Amino acid sequence: MSIPFRSSLFLVSYKNKLSMASFDSSNEIELKDNAEIISSRQVEAVNGSENTDGKKKLDTKSSLIKKQPSGGWTYASLLLVNQGLATLAFFGVGVNLVLFLTRVLEQDNADAANNVSKWTGTVYLFSLIGAFLSDSYWGRYLTCAVFQLVLVLGLGLLSLASWLFLINPAGCGDGVKVCMPSSSVGIAIFYLSIYLIAFGYGGHQPTIATFGADQFDDSHPKAAELKAAFFCYFYFALNAGSLFSNTILVYYEDSGKWTLGFLASLGSAILALVLYMLGTPRYRYLKAYGNPLPRVGQVFIAAYRKWDLAPADANTLYELEGTQSAIKGSRKILHSDDFRFLDKAATVTQNDLCGPNNPWRLCTVTQVEEAKCVLKMLPIWLCTIIYSVIFTQMASLFVEQGDVMAAKFGNFHLPAASMSAFDICSVLICTGIYRHILVPLAGKLSGNPKGLTELQRMGIGLIIGMFAMIAAGVTEIQRLKFVTPGEKRSSLNIFWQIPQYVLVGSSEVFMYVGQLEFFNGQAPDGIKSFGSSLCMASISLGNYVSSLLVNMVMGITARGESPGWIPADLNAGHMDRFYFLIAGLTAIDFVIYVFCAKWYKCINLDASEKGIQLEEQHNDVLGKV
C-alpha cells in the first residue's frame, strides 16, 4: 500500500534513511552534497583536501578560479564547418554508390537499390551506438573524435581498394567502358571500407549535433532560441557540404575517376578532424550522465513489483529534496500524468522504509519521468519512418530513373546523381526563407516566437514529401511515353526530375530540422544524444522499410512473364506505381501522426535550477558562454 507524507517525524526519518544509503554506483545514480553541484551560472572549482578523517572539504577562499569564456557561437560555428566537411566526405561515397554497384560490381538495379538502402540504413543505425557511448561513458567530445577517426580509416581503405582491385582497367565504370570482374579480396575490402564509413559517420552525426547545442548555456535567457538557430544552420551545413559531393565529385566519379573522388572525400574527412581538434581548449564540455539502460530498466522493474498498488498522489511520490537530481548532472523533471502505471515505481511503501534504498524497488520522479519521455517520443518517431522512405529514394530510385533519361547536352553528360544538387539548393534556399521570413511571419500570427512548433513543421514535411512522390510518379509516366523501342534511355529531358527533388528538399527543412529540435529538446539531459540519434535512426529504418517494400513489390508483381514494377530494364516496368504506393502510405501515416501529435505533452523540466555539471579539462574549469 502507498504511504502518504503526513508528519514531520516521517520526513525526518525519511531524510535520515536517504542520507545513509545511495543508489548503486554502477547505475550512475548517486546522492551528492549541494555544495558539489557546479552551476552554469557560476562555475566553482572544488579544491578537495584530505582531512584527518580522509574526507574532502570545500575551501571557500581558494575555490574560485578565474575562468575563460568557452563555447558560444564561435565554437559552435567550428562544429558546423566540421559537419559540412564530414558530410562532403560521406556523400562523396554515398551519393553515387548505386551506380558504382551497377557499373563496377555489375549488380542489377533492384539489388543495387536494396544494397544502398541497407547500407544507408546501417549508417544511421550506428547513430544509436554513438549516442549511447556519448551519453553514457565517453562524453560528446571524445565520441566525435573517435568516430571521425573511423571515418578516415574507412575512406582510406575504400580509396586503396578502388585503386588496387576494383577499377580495372583505368577509367572504367563510366557507363561506357566495362570493368573487369573484381576479385573476392577486392570486394571484401570494398564492403569492409564502406561499412567502416557507415560506422564512423553514423556515430559522429547525432553526437556532433548535440555537442554543438551544448555550446549554448541553458541558463541564458535565449538558450532555446540559440539552439533552434543552431539546428537550422546545422542542417544547412550538412547540405552545403553535400552540394560539392553532388556536383563536382559526382561528375568525376560518373566519368570513371572513382578513385580520385574517393581520395577527395578522404582529404575532406582529414581536414574536418584537424579543425575539430583545434577547438579542444575552448569547447564547452558536459559530463557523460551514465548508462541510461539500467535507469530505465529500474523504473519498469520497480513498477512491476508494485503492480498491485494504486499510484500514489503526485505530491507524495519519492524525489530528492532540493534542486539536485538523482541522475548525476541532470536537471529534475517534474511529474506528468502520462503513463500513470509507471508512477508505482516512485510510490513509497512500508518495505521501502525498512532497510537500505533499492533502486530496483524505488525510483525518483525524475527517473520515472525519463522513462516516460522515451515512451512518449516513440509514437512520434515511428510516424517519421515513412517520410524517411521518401527521403531514401533520392539515393536509389531517383538516380536509376535519371540514368535512363536524356541527360546529354552537346558533349556534356549530366550525371544522374548530380540532380540531387537541386534538392540541396532547395534546402539551402528554404532554410533562409524559413529563418528570415516564415518564422517572423508565423510568430506574429501565432504568438509563438518559433513561428511553428516542431510538431507542426514535421507534419508539413510529411505533406510536402507526399507531393514529391506524386511528382516522381508523374515524371515516370511521362518518361515511359518517350521511350523508343530498343533504346535504353527515354528522350524525356532529365530536368523533369527537378520538381521531385525540390519538393523533397523543401520537405527536409520542415521534417528533419523539426526532428532535430524536437527530439533534442524533449529528451531529458541524460539522453540528449539519444534524442538526436532518433532522427538518424528514423532514416535508418526508412531505408530498411524501403528495401522491404521493393522486395515485396517485386515478389508480388514479378510473376510469370511480368517483369514487375522495378525490373532491370526500367522501360519494361512501372516504377510510377511504386511512387504512388509510397504517396498513399504517407497519407495514411499523416493521419496517424496528427493523432499522435495532439496526444503528445512536452517535457516539464524543473526551472528552479538550470545548472548542470561541467567536465573539467586540463585541470581548468570551463565556464558558461
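Cβ from N, Cα, C; glycine included.
If you check TrEMBL, you get these features:
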{"type": "TRANSMEM", "residues": "75-101", "note": "transmembrane segment"}
{"type": "TRANSMEM", "residues": "121-138", "note": "transmembrane segment"}
{"type": "TRANSMEM", "residues": "145-165", "note": "transmembrane segment"}
{"type": "TRANSMEM", "residues": "185-202", "note": "transmembrane segment"}
{"type": "TRANSMEM", "residues": "230-252", "note": "transmembrane segment"}
{"type": "TRANSMEM", "residues": "258-278", "note": "transmembrane segment"}
{"type": "TRANSMEM", "residues": "378-399", "note": "transmembrane segment"}
{"type": "TRANSMEM", "residues": "411-434", "note": "transmembrane segment"}
{"type": "TRANSMEM", "residues": "455-474", "note": "transmembrane segment"}
{"type": "TRANSMEM", "residues": "534-558", "note": "transmembrane segment"}
{"type": "TRANSMEM", "residues": "578-600", "note": "transmembrane segment"}
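Under 8 Å from some Cβ of the transmembrane segment (230-252) lie the Cβ atoms of residues 76, 80-81, 83-88, 90-92, 95-96, 209, 212-213, 215-216, 260-261, 264-265, 268, 415, 417-418, 420-421, 424-425, 427-428, 431, 434-435, 508-509, 512-513, 516-517, 520, all in the same chain and six or more residues away from its ends. Contact check: the transmembrane segment (411-434) against the transmembrane segment (534-558) gives fewer than three Cβ pairs closer than 8 Å, residues 6 or more apart, which falls short of the contact criterion.
Sequence-distant contacts of the transmembrane segment (578-600) (same chain, six or more residues past either end, CB-CB distance under 8 Å): 376, 379-380, 383, 386-387, 389-390, 393, 397, 455-456, 458-459, 462-463, 465-467, 469-470, 472-473, 476, 549-550, 553, 565-566. Beyond its flanks by at least six residues, the transmembrane segment (455-474) meets 380, 383-384, 386-387, 390-391, 393, 397-398, 401, 497, 499-500, 503-504, 506-515, 518, 576-577, 579-580, 582-583, 586-587, 589-590, 593-594, 597, 600 of its own chain at Cβ-Cβ distances under 8 Å. Note: the stretches the transmembrane segment (378-399) and the transmembrane segment (258-278) are not in contact (fewer than 3 CB pairs below 8 A, sequence gap of 6 or more).
Same-chain residues lying 6 or more positions outside the transmembrane segment (534-558) and placing a CB less than 8 Å from one of its CB atoms are 110, 113-114, 117-118, 120-125, 127-128, 202, 205-206, 377, 381, 384-393, 396, 512, 515-516, 519, 564-567, 574, 578, 581-582.
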